[in-house]
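Peer 1: The structure is given below, and queries will be raised subsequently.
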Amino acid sequence: MSATKLTRREQRARAQHFIDTLEGTAFPNSKRIYITGTHPGVRVPMREIQLSPTLIGGSKEQPQYEENEAIPVYDTSGPYGDPQIAINVQQGLAKLRQPWIDARGDTEELTVRSSDYTKARLADDGLDELRFSGVLTPKRAKAGRRVTQLHYARQGIITPEMEFIAIRENMGRERIRSEVLRHQHPGMSFGAHLPENITAEFVRDEVAAGRAIIPANINHPESEPMIIGRNFLVKVNANIGNSAVTSSIEEEVEKLVWSTRWGADTVMDLSTGRYIHETREWILRNSPVPIGTVPIYQALEKVNGIAEDLTWEAFRDTLLEQAEQGVDYFTIHAGVLLRYVPMTAKRLTGIVSRGGSIMAKWCLSHHQENFLYQHFREICEICAAYDVSLSLGDGLRPGSIQDANDEAQFAELHTLGELTKIAWEYDVQVMIEGPGHVPMQMIRRNMTKELEHCHEAPFYTLGPLTTDIAPGYDHFTSGIGAAMIGWFGCAMLCYVTPKEHLGLPNKEDVKQGLITYKIAAHAADLAKGHPGAQIRDNAMSKARFEFRWEDQFNLALDPFTARAYHDETLPQESGKVAHFCSMCGPKFCSMKISQEVRDYAATQTIEMGMADMSENFRARGGEIYLRKEEA
């Protein structure tokens, strides 16, 4: 934890410096590689960790080495992870998907924005200094057309996005030759179907069935295609966003880049303060990952924070505004029905979802049904025109383990299942949001009920937190639940930072939350038996046993922390080649002793074998050549 607290001005200045000096950066001893596909422009980025050779014998003067294969890993950092790419935040990222979108011929550019709010913002000269300079001309579907990846999948079309994803999900594991690295324990998949090789056709089939989504708004061409579904790698979302009391555009862009560097598969912009529209534009134009939002937050800002004053018209305008900026998925709390609100009265912590509480208050104040539920088909029509995926929000999720798995939570889940089928009528992609606070023994029921009632649509959960006693450490309490529900079939995990329940996370909190959740997601992939998931673990274990310290650092999810902890006690360069660490020292290192035992056993076997042969030779009379019948 930092000893000195920066002022707001210092925080903004530091973030501005980060943006101004930003350049593509690789992790230590890693390089960016690209694997090409058959579609034009399909060039899938991965990070390849270079490893040092293993000493296998020889003398001090002439040592003999065996090369170790480089390890390819999934990389979410986009252009920010490629030192060869010039980064300019003022101009935004290259529009990777634009040629694919244009080639389909089913979209048209808008000459006028559909949102009245957007028109007003663009006409306000006072915002010129804040506004992103290269504003994208938005597109929407041509009349009578649907432009969603679900629509294409149902038509039997394999899009470039689907091929990109198939290559990405395989993680280059076909390159690995070593049997030691390829070894993997059988998993327990709880009904998930995990093919040995993921093909573009498999991706298409999963999307067509609604079991997976590809969040890819046609107005966010900068994003690199990714997929969310239980038959693929478990994904992690990071939340960023300003508030009414803290943060700035510079800091949010910095957090975006930081999040993608540390493994965020998607990022949600939960801004609730000033300049939400402008902040989101900067984020989208510089994001290589899908961006999600909760539109009700901004709609509430438009009515001065008074939930009772919300209207469908204001909300619809917000959907159009965000869809034309390029938001890839909306969290919509359409399952908070008027009749469910009384079910929360006996809860210890009531309704803890911001979106859920806003809609509950609106329902009660008007004594009318949730307008998001009433206008859900119109919401779907908007999403189908831009390919905005729906993340159906769990507004009645439990906010304490006492309230876990209660009547209100599962009543809403049933409704989300009904809404899923309606969205699919419009070829709109859907995932389902889940809890929350759930003790370990009650977690699996959440997954089984979601699969049953929501027709196997992907599940996306916040944790869940497995205990309520650890403010400041809720990335741990929730990481436990996240690993479990990921194993049971959850497709994406929303990270929790150390600041959960305490305050808005800063840059370091974002990193801590992401590392915790990347661990949880990877542990779930291992437990499910996802093909190739164990390769990196095997490489790490081999490096550890062979005392290849640099390789251990570089294979870690966080190489910098691993190196720093090692160097606290063994900072000298000699410590990087030592056959021990400070935990046990040179005399009691279990791996060093194991190596000695292995070497001793091998030597003994050879010596015993030679002794046996010598004795046999003497027993046969010491003759060099034996008669055929004696041989």
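The backbone N, Cα and C atoms fix where each Cβ goes, glycine too.
As the structure is a computational prediction, the values presented were derived from the model and not from experiment.
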Peer 1: Using only what Swiss-Prot says about substrate binding by Asn239, Met268, Tyr297, His333, Ser353, Arg354, Gly355, Asp394, Gly395, Leu396, Arg397, Tyr460, identify which of Glu222, Glu418, Glu433 is listed for that site too.
Peer 2: Glu433
Peer 1: In which DSSP state, out of helix, strand and coil, do we find His501 (Zn(2+) binding site)?
Peer 2: coil
Peer 1: Quick check on the binding-site residues: of Gly355, Gly395, whose CB has the lowest count of neighbouring CB atoms inside 10 Å?
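Peer 2: Per-residue Cβ counts within 10 Å for the binding-site residues Gly355, Gly395 bottom out at Gly355.
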Peer 1: Could you check which of these binding-site residues, Asn239, Tyr297, Gly395, Arg397, sit within 10 Å of His437 (Zn(2+) binding site), going Cα to Cα?
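Peer 2: Within 10 Å Cα-Cα: Arg397.
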Peer 1: Report, in whole Å, the straight Cα-to-Cα distance of His501 (Zn(2+) binding site) from Gly355 (substrate binding site).
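Peer 2: The Cα atom of Gly355 (substrate binding site) is 16 Å away from the Cα atom of His501 (Zn(2+) binding site).
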Peer 1: For the substrate binding residues given in the record (Asn239, Met268, Tyr297, His333, Ser353, Arg354, Gly355, Asp394, Gly395, Leu396, Arg397, Glu433, Tyr460), what is the largest pairwise C-alpha separation in angstrom?
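Peer 2: Largest Cα to Cα distance for the substrate-binding set is 20 Å.
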